[in-house]
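Positions annotated as transmembrane segment by TrEMBL: A:52-76, A:97-121, A:133-154, A:161-183, A:203-228, A:249-267, A:348-368, A:426-451. According to TrEMBL, the feature domain 'Ammonium transporter AmtB-like' maps to A:53-478.
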Amino acid sequence: MARQTCSAPALAALLTAGDRTGNATAAAEYICSKLEAAALTSVDITTAVDTTYLLFSAYMVFAMQLGFAMLCAGSVRAKNTMNIMLTNVLDAAAGGLFYYLFGFAFAFGCPSNGFIGRYFFALKSIPSPGFDYSYFLFQWAFAIAAAGITSGSIAERTQFVAYLIYSSFLTGFVYPVVSHWFWSPDGWGAANRDPSASLLFGSGVIDFAGSGVVHMVGGIAGFWGALIEGPRIGRFDHNGRPFALRGHSATLVVLGSFMLWFGWYGFNPGSFITIVKSYGPIGSPIHGQWSAVGRAAVTTTLAGCSAALTTLFGKRLQTGHWNVFDVCNGLLGGFAAITAGCAVVDPWAAIICGFVAAWVLIGCNKLAERFHYDDPLEAAQLHGGCGAWGVLFAALFAKEEFVNEAYPGRPGRPHGLLMGGGGRLLAAHVIQILVICGWVSATMGTLFYGLRKMDLLRISAEDELAGLDVTRHGGSAYVYDESSGGNGGDDGGFIMKGSKSTNRV
Amino acid sequence: MARQTCSAPALAALLTAGDRTGNATAAAEYICSKLEAAALTSVDITTAVDTTYLLFSAYMVFAMQLGFAMLCAGSVRAKNTMNIMLTNVLDAAAGGLFYYLFGFAFAFGCPSNGFIGRYFFALKSIPSPGFDYSYFLFQWAFAIAAAGITSGSIAERTQFVAYLIYSSFLTGFVYPVVSHWFWSPDGWGAANRDPSASLLFGSGVIDFAGSGVVHMVGGIAGFWGALIEGPRIGRFDHNGRPFALRGHSATLVVLGSFMLWFGWYGFNPGSFITIVKSYGPIGSPIHGQWSAVGRAAVTTTLAGCSAALTTLFGKRLQTGHWNVFDVCNGLLGGFAAITAGCAVVDPWAAIICGFVAAWVLIGCNKLAERFHYDDPLEAAQLHGGCGAWGVLFAALFAKEEFVNEAYPGRPGRPHGLLMGGGGRLLAAHVIQILVICGWVSATMGTLFYGLRKMDLLRISAEDELAGLDVTRHGGSAYVYDESSGGNGGDDGGFIMKGSKSTNRV
Amino acid sequence: MADQTCSISGLSALLSTAGSANATGAAQYICSQLTTAALITADLTTAVDATFLLFSTYLVFAMQLGFAMLCAGSVRAKNTLNILLTNVLDASAGALFYYLFGFAFAFGSPSNGFIGHHFFALKSVPSPGFDYPYFLFQWAFAIAAAGITSGSIAERTQFVSYLIYSSFLTGFVYPIVSHWFWSADGWAAANRNPNDYLLFGSGVIDFAGSGVVHMVGGIAGLWAALIEGPRIGRFDHNGRPVALRGHSATLVVLGSFMLWFGWYGFNPGSFVTIAKSYGPVGSPINGQWSAVGRTAVTTTIAGCTSALTTLFGKRLQTGHWNVIDVCNGLLGGFAAITAGCAVVEPWAAVICGFVAAWVLIGFNRLAERFQYDDPLEAAQLHGGCGSWGVLFAGLFAKKEFVEEAYPGRPGRPYGLFMGGGGRLLAANVVQMLVIAGWVSATMGPLFFLLHKMGLLRISAEDELAGLDMTNHGGAAYVYYDEDSSGGGSHGGGFMMKGINSRVDPGLTPTSSIEV
C-alpha cells in the first residue's frame, strides 16, 4: 500500500494564506485529498480482508469434497471403493469445468430475469464489482458438494457413464438454476433481492447457506436415482426384511465426517461472503459481521453436536449398541439442518434444531426400510430429510435482529414464526421446499428414468456381485497381501488371497 | 464499509469563515469528524481481521480432533477401533454442549474471583467486548483437545459409559477451572491479570498456549485413569516383561500426526487471539504481533522437528530399527513441550526444547514399563511428561523482549532464568505444575476411583479379548471381505474370512 | 492501536488564531492525525498480509500430509512404514536444515546472483521483507521438493541414503535454485532489483515453482530411480512391464485431495501479500485480491481439465476407468499450471491441463519403453508436467497480468502466443536447461556415489520381504492379533502373510514377541 504522507509546512502555508488571499480552497483541498486517500486505502484493505476470508472459506468448503470421498468410500463395500472415489474426484473435476463454462452464468449471471442468469459464461467480464474470482471459487465448491451428495445415494450399482451424465447435468444446470432463484439478487425467491423488486410474500426465502439449495437438491436427486435403480442385491431378503450391508471401514467414515465438519466452517460462516461490515455504530468491537460470522460457527457446532448426542442415545435404545456410523450420520444431519438458519438463529435454537434433526433422520430411515428404499449413504434421508427440516426450522426460529443484520435494507421484514415474526417467512419456505422438490424431480427424475430406459443406469447383476472395482476400474482398491513368490501385478486378482480360497470352499 | 467523503468546498467555506466569525469550531468539527470516522473504520477493520485470524485458527485447532481420532484409531488394535473413534467424536460433540452450557462460564466468566468464573452460562450476554463468539469457539476447540488426550490413555479397556461421564466432567468442569486460573484475567495465576491485581511472585504463569493447562491436564487425567484400570490383558506377561501390543495401522498414525501438526499451527500461533497489534513504532513492518505470530509458528515447527529427529536416532540406537510410531510420538512430544513457551522463546531455544522433550518421552516410557503402567497411546507420558518439561522450559528460556510484548503493561517483569530474568518465573511455573497435578488428581483421580468402585470403569476380560467393537458397537470397523452368499449382517465375523483359510493352508 | 482521538477544542483554538503564526500549529496537528491514520493503515496491511501468508503456509504444509498418504497408498503394503517415515522426516529434517542454512542460501540478501549468504539460523530475522511467516512459507516449499523425490525411489532405497539425499536437497540444491529464480538477487529472477538487468530483458516467470519446485524434485527422482534400477518384478524376463499396484486406492485419493487442498496455499499463496492495489485505490476489483482469486481459479481449472483428459484418454487405452491414473493426471495439471498460474487467463488453464495430461501419458509410455521404474511416476509427473508448465507460462502469459504481478518495468516481454515476443519463452527455456543441468550435476553424482558405496539400494532379500519387516520393526497393518484368537472373534488370520514368516527376528525384537 502506498503510504500517504502529510506535509505540515505545506499545509501551514496554505492555512496561513487562507483567509488573507481567499486561498482557503487550497487548504481545504489539501486536507480533503489526504482524507480521501485514507478512506480509499481503507476500502482497499477491506476488500483484501474480505477476499482473504472468502478464499480460505472456499478452500475449506472444497475440503468437504475430501470428506465426502472418504465418507462414501468407508460406507460402501470394499469391492466398490474405487468406483465411488472416482465419482467423487470427477464431481470436483467435471464440476469445475461445467460450472466455469455455464453453471456460474446460470446461477449468478446478472442482470437477468428471476429464473435463470445469462452472463459470465466462461467467466467472461469477471472480475466486475461484486463478482470476483474468489466468489466463483466459493460457489463452485458449493456446486460440487451438491453433486457429491447424490453420488452416495446411487453408490454400488450405477454405471459409470450414467454417473458422468447426471453429475454434469446437476452441476451445470439443475443446481445453478435453484441457486439463482434463492441466492442471486435477481432470483424470484431471494431474500436479498434488488431493493426495487418485491420479495416473495414480502419476505423472501432465508436459506442462508443452503439446506434447501444444496442439501435438498442433492438429496432429492439422489432419492430419484436410488428409487429408479432399486435396492442393491442382498439389501432386502426374500421376505423383504432389511439386511445391513455394512461399509467396509469405520475409520474412513469418521475421517470423512470430521473433514466435513471442518469444511462446514467454511460452508456456513463463509456464506456471509464478507466479514468487514459494521452493523452498529462503527468502531464497536461486537456489532459487526465478524460477530455474526462467529455466531454462525457456534450455531453450526451446537446443532451438529446435539444431533450426534441425540442419535447416540436414540440408537442405543433401539439397537442396544453404541454405533459410530449412526452417530456420524446424525452429526451430519444436524449440520445439514442448521445450514439454512445458521446465521439468523440464537445458539440455543441450534440445539433444538439438532435434536429434531436426529429424530427426522431416524424417522426417515425407518420409512426407507419400510418402503424398501435403499440408499447406501442415507444421503436422501440425511440431506433431503434433515435439509427440509432445516428450511422449516429457519422459518420458525429466525430472530428479528439477526435477519435484519444479515438481510439489511428492508426494516420490518418478517422473521421466525415462533419468535413472533408471523407466518410469511414460513410460507415462503414451504414454497421453497415444494418448488425444489418439483424442479429436481422434474429434471433429475426424468433424466434418471431416461437413463434407465436406455439401459445406461444400472450395472448387471454379475458385475454387482463381483464389485465394480474389478469389473470397471481395473482391480480392487486394496492389495494388502501379495503372493510373495508369485506375480505381484496380477491385476484381476482380488485383494485378499483368502477370498479366492473362500470361493473354492 | 461506508465510504467517507470529504467535501472540499464545504470545508473551504468553513475555513474561510474561520477567523472572521469565530467559526473555527465548525471547521475543526468538520475535520475532526472525518478523522474520527477514519479511525473508527480502522477499528472495525482491525476487529474483522482479528476475528478472521481467530476463527481460522479455531478451525485448525478443531482439525486436531480429527488428528486425535486418526492417531488413536491407528494406535489401538483393530478390534477396538470403532470404540476409540466414537469416543473422539463424542469428545467433540458432548464437549460442545457442556462447554456451551457451563464450561466457558467457569473458565472465562468475567468479572469473577480467582478460582472460578460465573458468567456467560449458555453464552448469555455474549457478545460483549472481549468475549465474542469466535473466542468461545476457539476455547471450545482447546477444551475438547484436553479430553481427547485422556481418551488415549484408557483406550481398549474402558466401558463406554465411564467414558461419557469422565469426558463431560473433564470438559465441563476440571479443565475450565484450570484454564480460569492461568488464562482468565481474573485467574490467580494468570500472567495477563487485570492491571490492578498482583501477579503470582510478581510474575504470573506464562503458559502461553497450554503445555500445562491443556496437555498436563489431559495427561494427568489419563494417568489416573490408566493407573486405576490397570494394564490391558497381555500387555505384561507372567514375569512382568512388557509386550508391545501394536496399533493396527501405521498409516492412520501418520495421518493423525500430520493433522495434529497442521492443527498445532492454530493452537500455538492462534493463542495470540489477535494479529493486528503494533509493538514498536506504528507503521513498522516487523514490530508487531504479526511477526510474533510467525515466530510462534517457527518455534513450534522447530521444536517438533528436532524432537522427531532425536527420537529417530535415539530409538534406532536402542531398538535397531527406524520406527515411525516412535518418531510420530516424539514429534508430538516436541509440540506439547513448546506449547507453553512458543511465543516467548527464540527459535534456537525451540530446538533445545524439542531435543530434551524427546528424551523426556523416552525416559517416561522406560519408567512406565518398569512400573507396569500401560498407556496405549503413551498419552500420559507424552502430554503429561513433555507438557511438564514444556512448562519448565518456558520458565528457563523466556526472553525479556518477547515476554514484555506478549504480556504488556508491566515493565520489568521476570523472564527466563537462563536468559537472566531471575527465578521468580520458574517458581511460578513450578507452582503451576504442582497445582495442576494436585487439582487433576483430586478431581479426576477420585472420579475414576469412584467409577471403579461402582464397576463402571473396566470392561470384562471376555469383552476385552473379543474387542469392544464386536461387543459394544455392533461389529468390527473393517469389512474388507464379505461372503457373498452369506449373511451380510453377520456382525461378529471378523474382517477377513479368507485369512482363516490361509491359516488352515 | 495508538490513540487517534481528535480534540475539537484544541484544533479550533489553533484554527481560530490561524491568521497568526499559529497556522503552523494547526497544520502540524492535522498532519499528525493524518499520519497516524496512515501508519495504522500500514500496520493493518501488514497484519492482513501476514494472516494471508501464514494460512497459505499452513495449507502448503498440509501438502506434506497429502504426499505421505499418496506415497503410502501407491506402494505395496510391505513398504508402507518406510515411505511414511521418509515423509515425516522430509518435513522434520527439512525444517532443521532449512532453518540452519537453506533459507540463507535461498534468500539471504544482499548477495550475489548465485547464492545467498545471510540469515543463517534466522539471524537478523525479522528484517523488512523477511519476516518469520515468509521463512515458514519457503520451508513448506522446500520440503515439498524433497517429498517429490521420495516417491521416485520408493520401495528399494536404504533409509540412510534417504536421510543423506533429503538433507542435501533441502539444504543446498533446492535453495540455490530458488535463489536464482525467486530471490531479488537471483540472476534470472523476474522480480530482480530495479537497477539490475533481467535475463533477456525479461527474467524467468516461474510464479509458484513448476521449475523451481517440481522439476527439481522430479529430476532428482529421475537420477535416483535410474541409478537404482527398477524394482524386482517390475519388468519380466522379456522386459514387458508388470504393474506393481499400490496397496490402497483410498489413500491415493485421500492424498490427492489433500494435495489439491494444499495447492490453494501453494499457488495463490505465492503472491505473499494480498492487500495491494493495482489500479486506482478504492477499486473493488483492481488489486492483488482479485489476482489471488484468479490464481486459485486457474489452478482449479487446469487440474480439472487434466483429470478429465486423463480419464478419457486412459479409458480408450486400457478399457477401464482408473482412479489412480485420474489422480495422477490431476496432479500433473496442478504441477503444470504452477509456473503460470498468476499470469494466465482461466481459458488458457484449460489448455494447460489438457496438454499436461498427454505429456504425462507420453512420459509414462517412454518410461515403460526404457524400463524406467518410478513407483509414483514422480519424475514423469513433476519433471515432465513441470517442464511443460514452464513452457506454457512462456507461451500464454498475459501482458496485463505480468505487469501486475511483476511491476515496475513497463513493456517487459510476455507470452509468445499473446503477442509478447519470444524473450520470455527463451528465458524459461534457459531455466529448464539450467535446472536440469544443476540438479543432474549435484544430485546425480550424489546418488552415484551412494550407489558405489553400497548405501543406495537394499538387498534383494530385503526387497522381497519388504522394508517394513527388515528395517522398521514390523508391518504397517495389524488387522488381527493372535491374543484374541481364543476369544470370541475367531475368524481372522492375518492380512500380511509376511509377518508369520518373519525375516530376521534378531532385527525385530518387539514384533517377534507379539506374533
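Along the chain as shown, the residues are counted starting at 1.
Glycine is no exception: its Cβ is also placed from the backbone N, Cα and C atoms.
Model, not experiment: these values are computed from the prediction.
Looking at A:97-121, A:133-154, A:161-183, A:249-267, the range that has the most CB pairs within less than 8 A of the transmembrane segment (A:426-451) turns out to be A:161-183. Put simply, of A:52-76, A:161-183, A:203-228, A:249-267, A:348-368, the stretch with the most CB pairs closer than 8 A to the transmembrane segment (A:97-121) is A:161-183. Comparing A:52-76, A:133-154, A:161-183, A:249-267 for CB pairs under 8 angstroms to the transmembrane segment (A:203-228), the maximum falls on A:133-154. Counting same-chain residues at least six beyond the ends of the transmembrane segment (A:133-154), those with a Cβ under 8 angstroms from any Cβ of the stretch are 51, 54-55, 57-58, 61-62, 64-65, 68-69, 71-72, 75, 84, 87-88, 91-92, 95-96, 99-100, 103-104, 107-108, 123, 126-127, 163, 166-167, 170-171, 175-176, 179, 210, 214-215, 217-219, 221-223, 225-226, 229, 266-267, 270, 273, 375-380, 383. Sequence-distant neighbours of the transmembrane segment (A:249-267) (same chain, 6+ residues past either end, Cβ-Cβ under 8 Å): 56-64, 66-75, 78, 141-142, 145, 209-210, 297, 300, 304, 324-325, 328, 331-332, 335, 339.
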